[in-house]
Amino acid sequence: MDKLEIIGKPPGMPGTGLVGTLPIRGAKNAALPIQCAALLGSGLTRLRHVPKLTDVSTMNRLLREVGCAVEVIADTDGRTVEIDPRGVAQGSLEAPYEMVKTMRASVTVMGPLLARYGRARVSLPGGCAIGARPIDQHLKGLQALGAKVTLEHGYVDLEAKRLTGGRFLFDKVTVGGTQNVMMAAALAKGHTTLENVAREPEVEELALFLNKMGAQISGAGTPTIEIDGVDELSGIDHAILPDRIEAGTFAVAAAITRGDVLLEHAPVDHMHAIIDTLVAAGAECRVEAGGLRVIGPERLRPFDVVTRPHPGFPTDMQAQIMVLATMADGASVIRETIFENRFMHVPELNRLGANIVVNGNTAVVRGPTKYSGTTVMATDLRASASLVLAGLVARGTTEVRRVYHIDRGYEAIEARLCPLGAQMSRYHGGGA
Ligand code: EPZ
C-alpha cells in the first residue's frame, strides 16, 4: 500500500504558504451517478472532465461487468470516458459483492438497470468506516414505482416489467436514494412526485444530465422533484461539473498555511456554506473570473459548524474544516449530523498534536495547534485528506499510510500540492 511523506512547514516559517493556481477537477460525486445514468441511454454517452480517481475506475469496471462497453479516451489525458450500454441486455445485470464492498456508490446502478432492463441484482453494501449506510430508502422508493424487491443471501433482487410513476416521500434526506429513484422514474410510465429529496448540486447535475438525455424532470435542487416518465432516453455528450469538496479541501490548505491560492473553476455557487465558514475563521475568499482565490490570514478565529444536507455545511468537508479549527485561536465546536461515525480522523489528528475532544456527535476543538509530524493511518477518504492538511503545517515529517483512501477522491494529491510549495512524496508499497 502506498504512503505519503509530507515535510511540514509550521505557519510563519519562511516559504510556508501555498501559493499559485490549482485547477479543480470534475466532481467525483457527480461523475459516479452520471456514469450509472449512462445505462439508461439507447446509445453511446461521452463524459468529459471526468476526474482520474479509483472510484471512477471502479464504476467503469462495474459498468463493464453488467455489459457496457467503456473506453477511457487516452488522448484526453484520461478525462474523457465513453460508455456504450448497448450490450447490457445480455449482461449480468448484477453488481457483485466485491464491487459494492469496495465502493458503496455501486448501488446507484439499481435504478437504471431496473428501469431500462426490468431487472437488477445488487449486493447489499454493508457498512463502511463512517456508518451503517443502509439503502432502505432506495428500496422503498423503487417499490413505490412498482418494483418487486426480494432480499436474500446478502443480495437485493429487483424486478419490474415496466415501472409506473408514483408518489414517494423520503423518510430521510438521501443523496444516493434521490438519485436512484429519480433515474428509475425517468423511464417509468406516468408521473412521479418525489418529496423530501436531497438538494445537493450533484442531484441537480444528474437531473440536468437526464433532461439532456430526453427526460422530463423539474424541481431538482428543491425539496420536491416532479418527473414525467418517457419511453426512451438517448446517449449524450456531457462535461462533469467541478468538485466543490475538492475545492473546499484545498481552500483549507491555503487558509492554514497563510497561502494565496486561486482555485481555478471552483463552483462558488455550490460552496456558500464552505466559504462562509472560511470567512468566519478569518480567511479572505475572493470570487475572481478564474475561480475562487483563498488567502490565509496571520491568525485564525474559532468558529462553530453543524453538518447539514445541502445547502447546509457538507459532511464531506467536516474532517477538513476541523483542521482549520485546530489552527484557530480558541475553541470551536463541530457537530456531525449526517453520519454516525465520522470522527475517525480525530484520534489521528490528536496524535499529530491536536486537542480535540469528542462527545457523541460533537467535537470541541481547541487551538492553535503546534502540530508535530509522525506516522498516521488513513481510515476513510475525507479523514485522510485532513491528515494531509495537518501534515502541511506540522513541524517535521508526517507519514500518511493507506493513501488508497485519498486516491478514491483526490487525483494525485501530491502532484497537485507540490507545485504550490508543499513538500510531499509518494512511496509505493510503503507500509500497511
Ligand atoms: C453521498 O453518499 C456521497 N457519496 C457521500 O460522499 C456524502 O457524504 C453523502 O452523500 C452525504 O452528502 C456519493 O455521492 C458517491 P446519503 P450517500 O444516502 O448517497 C442515511 C465522499 O466522501 N441513509 O445521503 O451514500 C445514511 O446512512 C462520500 O465523497 C439511510 O438511512 O449518502 C446517512 O446517515 C462519503 N437510508 C444519511 O442517510 C438510505 O436508504 C445520508 O446518506 C440511505 C441513506
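Backbone N, Cα and C define each Cβ position, glycine as well.
Per TrEMBL, active site, proton donor is recorded for Cys128. Annotated phosphoenolpyruvate binding site per TrEMBL: Lys28, Asn29, in sequence order. The UDP-N-acetyl-alpha-D-glucosamine binding site annotation in TrEMBL covers Arg104, Arg133, Pro134, Ile135, Asp136, Gln137, Asp316, Ile338. The annotation domain 'Enolpyruvate transferase' is assigned in TrEMBL to 16-416. The 2-(S-cysteinyl)pyruvic acid O-phosphothioketal annotation in TrEMBL covers Cys128.
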Distance-selected recorded positions near ligand 1 (C-beta under 6 Å), from Asn29, Cys128, Arg133, Ile338: Asn29, Arg133, Ile338
Cβ neighbour count within 10 Å of Arg133 (UDP-N-acetyl-alpha-D-glucosamine binding site): 17
Integer average pLDDT (0 to 100) for the domain 'Enolpyruvate transferase' (16-416): 96
Count of other CB atoms lying within 10 Å of the CB belonging to Lys28 (phosphoenolpyruvate binding site): 26
Integer Å distance between the CA atoms belonging to the residue listed as 'active site, proton donor' and Gln137 (UDP-N-acetyl-alpha-D-glucosamine binding site): 18
Residue among recorded positions Cys128, Ile135, Ile338 with least C-beta crowding, 10 angstrom cut-off: Cys128
Nearest of the recorded positions (Lys28, Asn29, Cys128) to Asp136 (UDP-N-acetyl-alpha-D-glucosamine binding site) - Cα to Cα: Cys128
Taking residues Arg104, Arg133, Pro134, Ile135, Asp136, Gln137, Asp316, Ile338, which bind UDP-N-acetyl-alpha-D-glucosamine in the record, the widest Cα spacing (Å, whole number): 22
Spatial neighbours of Cys128 (active site, proton donor) among the binding-site residues Lys28, Arg104, Asp316, Ile338 [C-alpha, 10 Å]: Arg104
Coarse DSSP state, helix versus strand versus coil, of Pro134 (UDP-N-acetyl-alpha-D-glucosamine binding site): coil
Three-state secondary structure, which DSSP defines for Ile338 (UDP-N-acetyl-alpha-D-glucosamine binding site): coil
